[in-house]
Structures are given as structure tokens and as C-alpha cells.
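What TrEMBL records for 1-27 is signal peptide. Residues or ranges marked as active site, proton donor by TrEMBL: Glu137, Glu370. Positions annotated as active site by TrEMBL: Asp277, Glu391. Annotation source TrEMBL lists Ca(2+) binding site at Thr474.
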Amino acid sequence: MFLPRNYGPWLLLFLLISPTLFSPSMSHLDSRWAAKKRHMREKVREMFYHAYENYMTHAFPHDELKPLTKSFTDSLSELGNLKLEHLPQDYNGSALTLIESLSSLVIMGNNTEFERAVIWLSENLTFNIDARINLFECNIRVLGGLISAHILATDSTNRLVHGSYKNQLLNLAEDLGRRFLPAFDTPTGLPYAWINLKYGVMENETTETSTSGCGSLILEMGALSRLTGDPRYESAALRALRKLWSMRSSLNLLGTTLDVITGEWIEYSSGIGAGVDSFYEYLCKAYILFGKEDYWRMFHSAYLAVQKYFRHGSWYHEADMRTGKATYWQLTSLQAFWPGLQVLVGDIGAANSSHREFVYVWEKFGVLPERYLLDHQMLHPTEKYYPLRPELAESTFYLYQATKDPWYIQVGESIVNSLNSYTKVEGGFASVRDVTTMQLEDHQHSFFLAETCKYLYLLFDDSFLVDRNYIFTTEGHPLPILSSWHERLPETYIPTNWTYAKSEQPTRPASAMSLQVCPATALRSGYAVQQIESACHVPDSRGDHRCFSDEECGVDSTNCRRRSCSMAGYCGLWI
Ligand code: DMJ
């Protein structure tokens, strides 16, 4: 073989440039995206700690931070906009934001702070207080936060020091769950919206509640029953959910508010936003978490009815549950969770198109206003606020998980930039009172730490989810999908035209979207064939979609079909 004299440096040079010769654009692009994601992840981490440390300095152990005045509010009793009542003078709050931050701390890898928080809560938290709380809010924030943290604290992969942890968070959760039970003592089984933690349902308590208020308790209360072996929590939540479902119209639609004593609807108009949103979410996620067919049947009918009666192109309006006729043509900030839910069921095309509309409104105002009038293309005259809500970040995270389309990274970047330029203040992050003036309000909601920062972080770095299989509650608290909680797996429901490769090989959960309706496919990575579970999408192996063979192409997210490699070397749906 001919080799130049003194060929050492030539060989070295060749070895250095050869990877770029063979796949120049790919490696460059991939490393640029990886660097961007790392940079954005660090920006989100800074945001989280800016919010967290200010809370710990100026508000802890009270519930939430007032970032403009660097003071606090004991908002747990005010959630749902009612005033705090009966609280003892020396009441110091329930450390709500700390409880809400627990799972985010673990996801960001701060086990030391997580343990410190767990120890503090174990020694100081009590629910024996004369406080009237909103059942739904207390369930998703406090009960969900405690249960999720208990599971994370006992999960060996988190490498926590176990010596000091003796199920204290679960004991606290059980104490709280017991205090919820009197709320369900109604002729219908539908729970009161408000309850006093010490004395139960108060005299003359309002009998009005919302669909999400009594239809989104099953994940937390079901998990509590599975963990404690006490079936009362799951039974109460399930009975309420079944009753609610029995009140649906012949169109499979539900209203927004109802009376827990008479079981009559109060507000017949509804949509996918405020007062109803998490009801749909919990039907789907209860099926994923517990594997009961019943939940899927309810969800499936409810989902089809939403798509039929509320959907108008990429937008969702509200409609009368009795007639299906449109009532209010409004986009609300809470609706932005819907595309994320659609990813879970594999309806990625619809998810993508409605997500784009929310992004459009976000970009128009800089953040997402609470209510936008679709028919007039203008803001609602009073609901112009943005309280640091997470829903758009949440959907963006789900869509990126499902598609790996870098566009969603750019959306995440724009959300992060807006939050930093409009809402960051010296004392934390403040809600926006009016999106037209960006005037701020003195409130940092606990969901900013539980959800907004968490979903943004996971968008840029999902390493927490690798090799794990979690579902997130409506408040962003992760719960593991355990086979012991499942009666059976969902294969029965896979439409025949969706990708499904049966194999005896063990599957590797790829993301929180595992065990969904479109669950399994084989993908070759290097020399080994890997079994990967995911929502129907499996990304192409290279970020720029270049390929040498079909094996390097994934599964298309819009129709769950296997992509193949073209003559020109691109993955696609080639015939
Ligand atoms: C959160 O508390 C939950 O996501 C809830 O379901 C509705 N939205 C708020 C935050 O916007």
C-alpha cells in the first residue's frame, strides 16, 4: 500500500475530518441543537431557582410568594377566589409552594434540597386546621404533590438517603385524604367543592361545584388507595366520576357547573377550558394509570363529542350540552393543555394544528391572555391577565416528545424569553395583570414551580423520563405507571392502521408517553434492535432526517406509519 513518508500527521488529519466528510450537515446540526437545548435547560433551571429561593426567603412556610412586595399569601384557603376564613392567628401556612416544588427538584437533580424539604414537611406539616379549602385545588396541589414526592422518595433510582424517610409524606397524604371524605357524603356522591379541614362540611356550604371539581380527583385518590390499601379514597372519587358521566347529554356532552345535592346541571354551556378541562384529562390518564377499560370508554366517547361539537378548524369554542349549538367563541388560556392530551391519545395532527393557534396568540400578545374572543379577534374586556400558567409549555413539551420537531424547541425558547422579559422581578416571577400593558400583579402561583418551569425543563432535557414510565397529574406531579396497578394493557384499542410490531423482546419505555394507545415498535440503533414504547411517533435517528437505510427512519407522528429512506437519502413517507 502506498503511504507518504511521515504519514502520521496525514492519518491524524484524515481521522479528524472523516466524520464531517461522511455526514457533515448532520453532526453540525445535531450538536447545535444539543447545545441550544443545554443552554435553554440552564436558563430554565435559573428561572426555577429564582422563583424557589425567593419563595424560601420571603414566603416560606406560608403558601405562596408575593414577588413585588417580597411577602406572602396563605392562598391554599383562597384558591378558587374565595377569602380565607377561620384561620388561627398564629397560622403559618401549609408550605404550598414547597410541596409543589418537590417533584421539580427531583427532576432537576437536586436530591439534597428535596430531602431537606421532605424532612421539614415530615416534622412540621399539619392539616388539623380550621381552614375552608377548595377540594379540587387541595387535591391536585397538596395531595398530588405529597403522593408523587412519596413515590420519588422511595424510588431507589433517585439515590435518596433512605434512613430518615419512613413514609411520612404518605402518612400526611392519608391524613389529608381522610379529611376529604366528608365532602363526598351527599345524596349523589358528588363532592362539595369546599370543605373545612378540621370540621368537615360547614353549615350553609355552597352546593355548587364544577365538572372538573368533582371529575378530576381519581388520579390522586386512586393512587392514595393503591398505596395505603384503603379503598375508600378511590371508591369515593370513582363514584363521583360515574355519577358525573351519567349526567351527560345524549350528545355525550357535559355542562360546566352543577349542584351536588340535586345532581342537576346549573351551567349547560361548556368547552375544554375552565371548569371542565381536567375532567377530560383525568378520564384519559386514569385509563393510562390504572388500565381500567371503563375509563377509556368514557374518555373515547367524551373525546369524540368534543371534536364533533366544540372544534372549529383548529380552534375550540363552547357549546350547549343539550343541543351541541355553539355558545361562546372564546379561546381561553387553560384550553392550551388540550394538544398535550391529544398527543397522549396519538392524535398528533390535530394536536399540532391547535397548538399552533395558541402559539399565534402567545406571540401576538407576548404571553397567553386568559380569554380571547375568537369571533371578534380581540381580548376579553376584563380577562386580560396571564398568571404564569403552564398549559402552552406543557403541550409544547408533549409535542416535542412525540415529534422531535425542533420547531417546538423554538417555541419553548420564545416562552422562556417572554417569561424572563415580562414577568421576572427581583423578588421572583410575577403574574401579568394586563397583557396589553404588561402591568404586573403581586402573585407567584405555586403552579409556576410545579408545572411551568417543570415542563419547560423537560422540553429541553427529558433525561428524568428515560427508562421510566410516568404520567403527569394535572398539576404536573409525576406518578409511575405500575403493572401492579394495571388490570390489563391497552393493546385492544389500537386501530388496525396504527403501527404495532409484536415482539417477544423486552420493551424499553422511551418516555412518559409509554403505554399509550399506540404503544410499540422496533427500531434499529447501531447494530442492536431496540424495542421502544412511545406514543406512535418514533423519531428518525438523525436530526436532519438523512439516512442510509430504512432502519434509520422512525414512525411518522401524524399517521403512525413507518417512514422509509429515499434514494436521495431522506426519511419520509415514500410509497
Ligand atoms: C393548574 O393548577 C392545573 O393545571 C389545573 O388543572 C388548571 N390549571 C392550573 C394552572 O393553570
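Here, residue 1 is simply the first one shown, and the rest follow in order.
Each Cβ is built from the backbone N, Cα and C atoms, and glycine gets one as well.
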From the Cα of Glu391 (active site) across to the Cα of Glu370 (active site, proton donor), what is the distance in angstrom? 11
For the residue listed as 'Ca(2+) binding site', what residues in its own chain, 6 or more apart in sequence, show a Cβ-Cβ distance under 8 Å? Ile140, Ser216, Leu219, Asp277, Ser278, Glu281, Tyr282, Phe337
What residues, ordered by sequence, lie under 8 A Cβ-to-Cβ from Glu391 (active site) and sit at least six positions away in the same chain? Ser333, Leu334, Gln335, Ala336, Phe337, Gly340, Phe358, Leu368
Structural state of Asp277 (active site), classified by DSSP into three states: helix
Once the DSSP letters are reduced so that anything not helix or strand counts as coil, what is Glu391 (active site)? helix
